[in-house]
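All remarks here apply to the structure that follows.
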Amino acid sequence: MSSRLTYILVQRDNGRQYYVNALREASTVISVSIALAIIDWRKFLLYFYIPHFFAQWAIVGMNMLQHDGCDVVDYHEQRKNYNGSRNFVGSWLNYLTFNNGYHSIHHLYPKMHWSRLPTEHLKQIKPHIHPQLDQQNIATYILDAFIYPGIRMRYDGRP
């Protein structure tokens, strides 16, 4: 949380619109949360807070898996860093997450519609990316990296 707040404050200090947008979003979420909790706190917990908590946990967890052991991206460089994130290209995960598994193309084009990500990944990312960063299945990746053999390594095999 503190790193997100620091990022938002840096955006404010640089005079970027992101700060205003983040402030509006936070104000809206907090206001709606308070209103819903006042109306019926049990339904608020069941239908709003708990789903939001688990959705945020899943998004952050998936994002960690997509970046763990990848190259660190220097956003000041003009070149494209194809090995800056891992992709989970299996159909089930991408069906459930609106193609969130195609993460490298998302880094290059964050505003691209989710339906175009698989096609653009094949055209623009796959020819350049290290083969280990295109994983078919997130479950087998988790099994290999954290259970058996349970050795977390960089995508190129270095510890």
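Each residue, glycine too, has its Cβ placed from N, Cα and C.
TrEMBL annotations: computationally assigned, not manually curated.
Over in TrEMBL, the protein carries these features:
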DOMAIN    23-124  domain 'Fatty acid desaturase'
TRANSMEM  21-39  transmembrane segment
TRANSMEM  45-65  transmembrane segment
Checklist line | Same-chain residues at least 6 beyond the ends of the transmembrane segment (45-65) whose Cβ lies under 8 Å from its Cβ atoms | finding: 33, 36, 86, 88, 97, 100, 138, 141-142
Notebook entry, point to check: When the domain 'Fatty acid desaturase' (23-124) is classified with DSSP, how many of its residues are helical, how many are strand and how many are coil?
Noted result: 67 helix, 2 strand, 33 coil
